[in-house]
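S.K.: To start, I am sharing the structure in question, which I have written as structure tokens.
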Amino acid sequence: ARLLRLRFVFESGSPLRIMSALRRKFGDDYQVVTTSSSGSGLQPQGPGQGPQQQLVPKKKRQRFVDKNGRCNVQHGNLGSETSRYLSDLFTTLVDLKWRWNLFIFILTYTVAWLFMASMWWVIAYTRGDLNKAHVGNYTPCVANVYNFPSAFLFFIETEATIGYGYRYITDKCPEGIILFLFQSILGSIVDAFLIGCMFIKMSQPKKRAETLMFSEHAVISMRDGKLTLMFRVGNLRNSHMVSAQIRCKLLKSRQTPEGEFLPLDQLELDVGFSTGADQLFLVSPLTICHVIDAKSPFYDLSQRSMQTEQFEIVVILEGIVETTGK
């Protein structure tokens, strides 16, 4: 990535005052570093000149879990991964994106309809109904089916239970009766599978999370005489979250006394489990608190180490949506 570097030459004024003004203007995503023309240290620049300053963007850390809830994890080299997904085909379809769901939905119905219409056309073709459709005293397998479009229309009429009455099965065609039973069973299976998949996908509470707001930043301050990590959560909708419970996970690398390195070790942050404060009545915005005591993972961290330490806090809010029950 290309870094945009802006150089500032301070001719007068206090460098600290100018640096604080730069931070207020550009925010915390940038840092001010001091350089000189020779490339090392602060050196005199001559009369009326001061050190050169560069405003460079801070390197953003890669998040383990994005703020929209998506985990930045890719599984690889698992072996027979495709067969494992196909063994649970229903869940795989539910987890797919909407464009792939709609594509599979339309493709499955199109292929099934064309296949069954072709079966009706094959029966009419093998019995010779296509050539004798207009003979007055001849009884075909399906009345008024004389080409593939008419066979397709007959299948749609029977499958969708429209029943116009113009095309119908006669009692002189046992293979047509068997095919009709097979069509009814196959149609019910396809409808139950695809419509159930679409219904579950539409009722998923993923979009409900868009109306659950968390504070932009977490703060550490004194509350009730204790050093406390705090952030806020609120519900924008009038519908309540039933049995809402909040949990916090600290993701941090550590090394065991045996020398084993754990890159993503998960530690539980107590946000009121022992007192029941993690059970939320989320009617108005609430402040979630984690007391930094001797049991807290942050107990041995100073303010400076907090800014340089590599860790991530993942907040999990669980509950049942009152309107959908999910």
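Keep in mind that glycine also has a Cβ here, set from the backbone N, Cα and C atoms.
Predicted automatically and left uncurated, TrEMBL annotations should be read as such.
In case it's useful when we look at the structure, here is the feature table from TrEMBL:
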- 35-57: region 'Disordered' (REGION)
- 36-55: compositional bias 'Low complexity' (COMPBIAS)
- 65-205: domain 'Potassium channel inwardly rectifying transmembrane' (DOMAIN)
- 102-123: transmembrane segment (TRANSMEM)
- 177-200: transmembrane segment (TRANSMEM)
- 212-325: domain 'Inward rectifier potassium channel C-terminal' (DOMAIN)
S.K.: In the domain 'Potassium channel inwardly rectifying transmembrane' (65-205), how many residues does DSSP put in helix, strand and coil?
M.R.: 85 helix, 4 strand, 52 coil
S.K.: Based on DSSP, tally up the residues of the domain 'Inward rectifier potassium channel C-terminal' (212-325) by helix, strand and coil.
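M.R.: Grouping H, G, I as helix and E, B as strand yields 6 helix, 61 strand, 47 coil.
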S.K.: Averaged over the whole of the domain 'Inward rectifier potassium channel C-terminal' (212-325), what is the pLDDT?
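M.R.: When the pLDDT values over the domain 'Inward rectifier potassium channel C-terminal' (212-325) are averaged, the result is 88.
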